[in-house]
Every structure is written in structure tokens, then in C-alpha cells.
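Visitor: For Glu361, the entry in Swiss-Prot reads active site, proton donor. Annotation source Swiss-Prot lists N-linked glycosylation site at Asn333, citing sequence analysis. Taken from Swiss-Prot, the feature region 'Disordered' covers 96-117. According to Swiss-Prot, the feature signal peptide maps to 1-20, an assignment based on sequence analysis.
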Amino acid sequence: MRFAKALAITAVLLSGVVEATSDAVIEEALKAPTINPLPGPVTWYLHADEGRKYLAPFVSYHGPHKSGIRDAWERCYSTIRRLKWYPQALEGPIPKFDPFPDQSSKPKEKRQNAPPGAMIRRVRVKVKDVDAKLAHKVDESYSLTVSAKSEAIEIEAQTPWGARHAFTTLQQIVVYDEKSQRFYIERPFTISEGPLYPIRGILLDSGRNFISPSKIKEQLDAMALSKLNVLHWHITDTQSWPLQVNTYPQMTEDAYSKRMVYSHATIKEIIEYARQRGIRVIPEIDTPSHSSSGWKRIDPDLVACGNSWWSNDFFPHHTALEPNPGQLDIAYNKTYEVLENLYKEVSSLFEDEFHHLGGDELQPNCYKFSKHVTKWLAEHPDMTLNDLLQEYVDRTLPALDKIKHRRFIYWEDMLLSEQIHAERIPRNVVLQTWNGGLDNIKKLTSNGYDVIVSSADFFYLDCGNGGWVSNDPRYNVMRNPTPGTPNFNYGGDGGSWCAPYKTWQRIYDYDFASELTGPEKEHILGGIAPLWSEQIDDANITPKFWPRAAALAELLWSGNRDKEGKKRTYLMTARINNFREYLTANGIGAAPLQPRYCLKHPHHCDLYSDPNAVLG
């Protein structure tokens with residue numbers, strides 16, 4: 001079920017309900033331009049005729065002290081006091097330009113100032129179930145009220161996790177007046193909301209390049225501010241094995257260095273850091289594909305095609321889609337013993353109820369290098385690699401589940417790949433889709449599978465940076481060979497298979513459930529935006545994720561449409577620009593989205609002046 005259905009918030013002024021026309025929505029934004037948190041509520045109560053609410057020199061806390069709620073408030077309040085934040089990108093009226101011969105525009109009213117309300121002296125927090133565990137579909141809803149005559153900020157939530165979201169909203173709404181040197185909230189208001197989807201996350205890949213624990217925590221801080229709640233941690237890959245495994249300590253010989261290893265203590269520290277911010281960590285040990293480093297240290301026979309030339313200088317003979325090659329030999333009995341032992345240790349480290357088993361991009365040519373697979377095919381002349389993979393699925397899922405019960409996730413390839421696929425995947429396995437966009441989402445949900453959306457054409461954050469494999473003659477071209485027609489170096493992808501670069505608008509405008517029936521929509525658990533790390537490490541991971549991941553955050557929390565079903569892209573522009581500034585003020589190195597001129601001149605950098613240009 002679509003989680004909480006965004007709680008069906010209604011927007012009203014004291015004088016009545018706001019019409020949901022674009023002009024009315026813009027007018028509403030102008031009445032309190034500093035109240036523009038991300039994710040943006042679809043609609044909310046605004047007391048537009050009331051004045052500012054100043055904060056007392058000290059705001060006291062009145063609420064639960066357990067489950068980390070008090071600690072979350074202290075982080076919120078200390079951030080407010082330290083940053084002395086004032087929004088850097090405010091919403092403005094529809095610009096008036098010198099008209100083209102038949103163009104005209106009408107001026108917009110400015111909001112009227114009103115006398116300030118009662119000073120805010122305390123925050124009062126009520127949580128119905130303070131012991132609620134952080135888990136899939138936990139209630140994350142909250143209400144946040146600042147009334148004109150009250151001296152308290154009122155927060156109500158079902159669980160500690162909703163209260164945390166209220167704090168991150170409040171952080172973005174309290175601003176600082178340099179002239180009076182006082183903190184204030186521009187207008188009394190009430191926000192009451194919850195997420196559309198229970199899984200809202202990003203994928204961090206530490207297998208291609210190592211990502212330090214401090215940088216992982218930086219991503220968690222940004223996630224918490226934007227209400228993302230799942231870190232999909234793709235820990236290992238063929239290129240390296242950075243995870244400490246006590247059962248097989250030799251695996252970390254394939255880490256890039258002894259310093260580039262996640263110890264058990266570090267893993268637990270990251271998980272706890274995430275939990276304190278309302279974020280679950282879902283581990284992925286990608287198997288049976290993308291498996292060479294680490295595995296081969298246990299037994300070289302565990303890995304097929306590990307010593308092959310990945311492209312064979314002739315792509316029809318490739319053994320991997322990128323260097324270095326290697327897949328678990330699924331016809332070798334010892335593979336299953338090692339998998340079970342490894343899962344037992346990893347599942348004891350990661351407490352989440354979901355566990356990702358990988359399963360993407362299996363290459364048939366790789367198994368031509370396996371004596372065990374060759375023998376199996378000879379002994380089963382009527383069977384194919386699809387049948388062998390089915391045997392792998394039927395053998396591993398029950399065995400792993402018996403060790404420690406989890407809900408397993410596979411990449412969709414395990415069922416839909418044209419290369420190698422199983423014929424049957426249990427319906428209780430979640431499938432994460434990255435190919436085929438709307439078509440694959442429809443195909444999976446119509447067949448009864450719960451789905452996590454990671455469509456590469458919309459959500460892949462590493463795309464559009466050209467190729468990274470070296471000694472590539474395709475770049476050695478001095479003149480355009482096909483003028484007027486895009487090709488590799490001239491208007492083409494330049495070696496990035498998933499080009500172009502995914503802008504925040506591309507992410508935000510993705511209506512991934514638009515072609516689904518009601519029952520099919522119930523199978524969408526949410527979305528995760530991957531950032532594969534072939535060209536990513538500590539130096540650039542944060543600006544690659546942020547602020548684009550914030551567009552995903554709003555899409556999955558409150559949606560990209562207003563309550564009348566119209567796209568909110570026009571008003572999202574100032575909101576995400578401002579959120580980027582808020583991230584950088586917090587020491588999170590998010591990339592700029594536009595020249596600063598655009599922040600200072602709202603909508604002067606739009607492609608079209610019509611606020612309804614983005615249709616849906």
C-alpha cells in the first residue's frame with residue numbers, strides 16, 4: 001500500500017481553502033517565502049495574517065528522553081544556533097520582463113507585515129510509541145505547529161522517527177535576522193504529513209572505490225535532512241573486498257590497502273550513526289555476478305573467468321561488462337558452503353530486516369571458463385544456464401533464510417535478463433528494477449512482485465561523465481565523421497552507457513507509477529538512486545549525490561504534484577537551490593545547480609516563463 005498516502009494534507013488560510021491553481025500556489029509561497037522546507041509539503045496550514053514568531057534566547061525541551069528523541073532535538077537546536085541560517089534562494093513573483101509584442105504579465109501583491117506573535121520559549125514533543133523500532137513501514141508521520149499565541153512549538157508523532165523528521169523540517173524554517181540578531185519563524189503554521197513510500201534511499205558503492213567512514217556519515221547527515229531513510233550499501237564488487245570477515249580473514253587481502261577495510265566495529269558504528277538519524281542500512285554482497293576479489297582468496301575455483309580478458313577485444317566474447325571479470329561458480333558445491341558461512345557473519349552485523357543478494361549482469365561467456373559448469377551442462381544436455389541459475393536460487397534462498405530470516409532483494413536481472421535468468425523467483429523476494437523504465441516496473445508489479453525503483457534512465461547519478469576504460473581508440477577522432485548526426489564524440493554518449501547526466505528535474509519529474517493499476521501501485525515499495533563508484537571516491541562523492549538526491553527525497557516523500565495533480569517543478573526550483581545552500585552551510589559539499597544569479601533572481605533562469613510549462 002502507498003505508505004500513509006501523504007496523510008492527505010489540506011491547505012487553508014484563516015479565510016478559507018487555497019485554490020490549487022498555479023497562481024494561487026505561487027501567491028501562497030510569497031506570503032511566507034522563508035518557510036520552504038525540503039521535502040516540501042503538498043499543502044499545509046499557514047496563518048498568513050499573523051506576524052513573526054521570535055525565539056527566546058533559549059528554547060527548552062519538553063518531551064521524551066528515551067529512544068534518542070532528546071538527542072535528536074539537541075542536534076536540531078544546536079544546528080539552528082550555530083548556522084544562524086537565512087534562506088539563500090527565496091521564491092519570488094512571476095517575473096515581469098519587457099514584453100514581446102503580444103506578451104503581458106500582471107503584478108503580484110507583496111505580503112503585508114503583521115505584528116509579531118508570542119515569543120517561542122519551548123518545544124513540546126509528544127510521541128505515542130517511544131519504543132517503536134526503526135523498521136520497514138514504521139510510521140514516520142508527524143505534525144508540527146507554531147501558533148500565534150502559544151509560546152511553544154508543538155510536535156506530535158506516532159514514533160521517534162516521525163519526531164526526527166519534524167526536527168529536520170523545523171531546522172529549515174527557523175531563520176536568523178542579522179539586524180536584530182534574533183531567530184524567528186516567519187509566520188505561524190501547521191504541517192502534518194508522512195511519506196508516500198516506505199523506502200526512500202540512495203545506493204553507495206564502496207566496492208569500485210573505497211569510501212571512508214567519515215564520508216559515509218556525511219551522506220547520512222544529508223539523507224536525514226532530506227528525509228531519506230534507506231542507505232543501500234553495495235559493499236563489495238569484483239574490484240575489491242573491503243569488508244572484514246572473521247570466517248575468511250584472507251578475503252581482505254583484496255582490499256585496496258589495510259586502511260581501506262571496514263572492520264566490524266566500523267560497520268556497527270555506521271549503522272548506529274544511521275539509526276540515530278532514522279536511516280536503515282541495507283547491505284548488498286553482490287552474487288553470483290560481480291564476484292572475484294575476496295572470493296578467489298578462499299579458493300580460486302569459487303570464481304569463474306577471473307583470469308579472462310574482460311572484453312576479449314571482441315565484445316561478443318566478453319566475460320564481463322567492465323573490468324575485472326569474475327562470477328561465483330554456481331556449479332561448484334563449495335560455493336554454497338562459503339555463501340552460507342559468509343551470510344551468517346554478515347547478517348549478524350547488519351540488523352535490518354532486508355538483505356540484498358545482488359544478482360545483476362551475469363554473463364554467459366564467463367561460465368565457458370568453468371570446468372564445473374562445463375561438466376554440469378554435459379551431464380544435463382537438455383538444460384541451459386537458466387536451469388543452473390534456477391538451481392542456484394532454489395538452493396541458496398532456503399539455506400540462507402534458515403540461517404537468519406530476512407526479506408531478500410535481488411536485482412531484476414535474476415528474473416528478466418536476456419542473458420541468464422531464473423524461471424521462478426519467490427514472490428516474497430523484492431526485485432529492484434534498473435532497466436526498462438516504466439515497462440519493467442509494469443512487468444514486475446503485474447506479476448505480483450514488490451519493487452524498488454532504481455531506473456537508470458532517471459535515477460542513476462553516475463551517468464553522463466564519459467567512459468572510464470583506458471586505451472580506448474574511440475576518442476582518437478579529430479573531425480566529426482557524421483556532421484548533423486550524433487555520434488560517440490559529437491553529441492553522443494562519449495562512452496557513458498547511461499548518458500546523459502541525470503539532472504534534478506529528470507529525477508523529480510519521474511512518474512514511475514503512472515502506468516500502473518491500483519493493485520500494481522501497491523507493490524511499489526519506493527525508490528533508490530544509485531551512485532556507482534567507478535569514477536567516485538571521497539573527493540567527489542558528496543557533490544555527485546547532492547543536491548540531486550534531494551529531488552528523489554521529495555518525489556518519494558510528498559510527490560512531485562500538488563493536490564490537484566499538477567507538477568510542482570516550478571516551485572521546487574527555489575526549494576532545491578535553497579536546500580543546496582543549507583547543505584553547504586552544514587559542511588556538506590553539495591554541488592551548485594545554477595549560477596548564483598538565478599538564486600537571487602527567482603525564475604529568471606527558467607526555460608519558459610509560464611509556471612505551468614512542465615505538464616504531467
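For all residues, glycine too, the Cβ spot is worked out from N, Cα and C.
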Visitor: A 10 Å Cβ contact count, applied to the recorded positions Asn333, Glu361: which residue has the minimum?
Guide: Asn333
Visitor: Which whole-number value in Å describes the distance between the Cα atoms of the residue listed as 'active site, proton donor' and Asn333 (N-linked glycosylation site)?
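Guide: Here the two Cα atoms lie 22 Å apart.
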Visitor: What does DSSP call Glu361 (active site, proton donor) in the simple three-state scheme?
Guide: coil
